[in-house]
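A single structure is presented below for examination.
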Amino acid sequence: MPEYTVGDYLLDRLAELGVTEIFGVPGDFNLELLDHVIAHRDVRWVGSANELNAGYAADGYGRLRGMAALITTFGVGELSAANAIAGSYAEHVPVVHIVGTPSIDVQGSRRVIHHSLGDGDFDHFHRIAREITCAQAKLVPATATREIDRVLSEVHERKLPGYLMLATDVARFPVEPPTGPLPRYTSGTSPRALSLFTAAAARLIGEHQLTVLADLLVHRLEAVPQLEALLAADVVPHATLMWGKSLVDESAPEFLGIYAGTSSQESVRRAIEEAPVLVTAGVQFTDMVSASFTQQIDPARTIDIGPNQSTVAGEVFAPLDMSAALEAVTSILTARPTRSPAVPQPVPDAPDPVLEPDQPLTQKALWDKVCGALTPGNVVLAEQGTSYYGMARHRLPSGVAFIGQPLWASIGYTLPAALGAGLAERDRRPVLLIGDGAAQLTIQELGQFGREGVPAVVILVNNDGYTVERAIHGPAAPYNDIVTWRWRDIPAALGIPNPLSHRATTCGELDAALAGAAAHPDDLVFIEAVVTELDVPPLLEELAAAIAKANKAAGS
């Protein structure tokens, strides 16, 4: 029977946390570890086209599974993945980056080894990782299992990336298997802080109808059940930021829409900013979701619930976990004798004119039709750009998840992330919405969809360049142009067997392509949707103007 090793211990702990796929690229310093991955009963290797894509795929996987891992080689491999890891840090995604390194003896000899900087210092990249991960360890035999447990526990509990340097000789060092479950952090809530918070919140709420603005951190910190209980405790009008889109059921009558500062729809803006009492849960305002920080939230009327502390009208209560704070507010509402009145429903907009099949495709028509084609169980991944902002104001059907990256905003992210999402939840079909410029950065990963059997619908928006940048600055500038590709040929070139590939330039052609995607639920369907280069969704136009104004003000 093969000896049980440090590598086996690490894989068993990852499997314990729900990781059944590990992404990455082989390199000579991680090959022996990969042999153990291949032999593991619960963990499967998913090879990636490059390390950056592996990091993006792990991020998409981690957003749905709650934990993810990738393996790269020392130096060249890990630096290629660093952009993705930084994005996971910014967006609060638990991903552990495992780096295969030269042996401890080689590092101690300070030899000039390939993939190093040639100066005998093998800790350069470890130091870089400290800036973009919450926990790091350079594993050595004496403490390897303890350090693995520490890093994985921090990653899982803090919902941030971690970093493990695993030398070739350490990976094969014999150790004992785990004797118990992975250590978990205990609750960070002080009973006194909770009691004082509850009393202060009850005084502020009184008999007022509560309004809730929720965002991404509720999902990341696994407090969605507590948020749902709060929304069910009374008639609670609620909205999310774009970052938290699909956090709540957008088909519910109490759902107001997306709040985006001055770029909000007027009914949403007034409901949030003029609420008698507003609960903000897991909210983090960023420039790209708030029209460059134009939110107007009155702290005197706000209960702000954060990861580890909450405030009531500016008074801070800590330590206090988000889940405990949400439960406290729920208890206040359920203790009241009467329910609040129903939320007035907005007057429906006048119906759009009927689009003839031969009408040229526009951004508005594209996103209207894409949203209309979504079904429960879909996972929408919208690239930062016209895709993300074109979909933001559309109400998603119940049971549809939405993934974007508005803070880190690294173009090309969503294509590999869609692969990761599709592997994390096999029973959900990814719907990838990505622009041509972004796709050119990471398109190599499309071939893995075929190999892994992920039946995504890929809608590539061909608008001949970087439209977000055109909207912000330089609409006709050559730096916003890209090389024109023959997109319909790409799936076959990248190894997709019998690709179902469409090109839509009119509304009728898009209707037919979407119908084809629905008729082939087990196949990858690639749709090139052609729109003009200066056609910009209204929300993106408003945000771009706000960002351009902020950029000019910062430079003046």
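Glycine is treated like the rest: Cβ placed from N, Cα and C.
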Considering the Mg(2+) binding residues Asn463, Gly465 given in TrEMBL, which of Asp436, Asp489 is annotated for that site as well?
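Candidate in the recorded Mg(2+) site: Asp436.
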Can you check what DSSP calls Gly465 (Mg(2+) binding site), collapsed to helix, strand or coil?
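Going by the DSSP assignment, Gly465 (Mg(2+) binding site) belongs to neither helix nor strand, so it counts as coil.
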May I have the list of same-chain residues other than Asp436, Asn463, Gly465 whose Cβ is within 8 Å of the Cβ centroid of the recorded Mg(2+) site, in sequence order?
Gly435, Gly437, Val461, Asn462, Asp464, Tyr466, Thr467, Ile482, Glu533
